[in-house]
Amino acid sequence: MTFKSGFVAILGRPNVGKSTFLNHVMGQKIAIMSDKAQTTRNKIMGIYTTDKEQIVFIDTPGIHKPKTALGDFMVESAYSTLREVDTVLFMVPADEARGKGDDMIIERLKAAKVPVILVVNKIDKVHPDQLLSQIDDFRNQMDFKEIVPISALQGNNVSRLVDILSENLDEGFQYFPSDQITDHPERFLVSEMVREKVLHLTREEIPHSVAVVVDSMKRDEETDKVHIRATIMVERDSQKGIIIGKGGAMLKKIGSMARRDIELMLGDKVFLETWVKVKKNWRDKKLDLADFGYNEREY
């Protein structure tokens, strides 16, 4: 039996459901999710392997008009995948009309000369007539290889989309071991899980200004727990106060919720310590961006 493999990028505007789709395919949380725009900041691989195929999905930051050096990094990181993949999934939401952001992405996709599958997500939110209208609108903009409507949240048609990708794979190598599900180290996943809880629990002004750095991560032989020390970075003193909360209540809640997810991922008991530090305007300083894991070598 021949083995097939390939790389697939997931592109689209912020908040269209790219990470939800990837997590559903993988059957576990690989990419963090929230209703805040620009939740995903780095390219994240989800490695889907069966006995006959390996599909390496690359979840990308939502493409937007950048206003900071961090925004520039995120957009370039997303577009750089067009040089690396065999197929692109261009994801759009069924419940929003095509906009300038979609048109900007379509122009880049046309220039890339890579097969593109249009994935219309969130079909659970619209009437079938609206869905058909949305599909027709996008079909007139570009010659898509396939158009697949799905609900990543409910799982509708997701397996069909994976089957379509599989059918179009070329014979190839197994690039990663069968038990490897992502390219990122555990430290990265831990930092993302802490950041996810900050996004869920804090006000609108906070999310874009937060980075999380895992300072240390090691097993304590006496307690048989993984001890993790993580620092939450913000840009202003007022943001630090919000994250700490009255009497430290918010920081404690962030840590408690993150610890549960980290324990599920690691399969170990975890002791998580968190601090909050202010690093003014870090999103516009390349050295700070590199220190916090946003490296230009990603693209």
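Numbers run from 1 along the shown chain.
Including glycine, each Cβ sits where the backbone N, Cα and C put it.
Quick caveat, the model's predicted, so the values are computed rather than measured.
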Quiz item: Which residue range, 33-36, 121-124, 201-204, is the one Swiss-Prot calls region 'G4'?
Solution: 121-124
Quiz item: So which range, 38-42, 98-102, gets flagged region 'G2' in Swiss-Prot?
Solution: 38-42
Self-check item: Annotated range (Swiss-Prot: region 'G3') out of 51-54, 59-62, 183-186
Solution: 59-62
Quiz item: In the structure shown, with every protein chain counted, which of the binding-site residues Lys18, Ile123 has the densest set of Cβ atoms within 10 angstroms of its Cβ?
Solution: Lys18
Practice problem: Could you give the residue numbers and ranges of same-chain residues that sit at least 6 residues beyond the region 'G4' (121-124) on either side and whose C-beta is under 8 angstroms from one of its C-beta atoms? | Solution: 16-17, 21, 91-95, 131, 149-154, 156-157
Quiz item: Where does the mean pLDDT land for the region 'G4' (121-124)?
Solution: 96
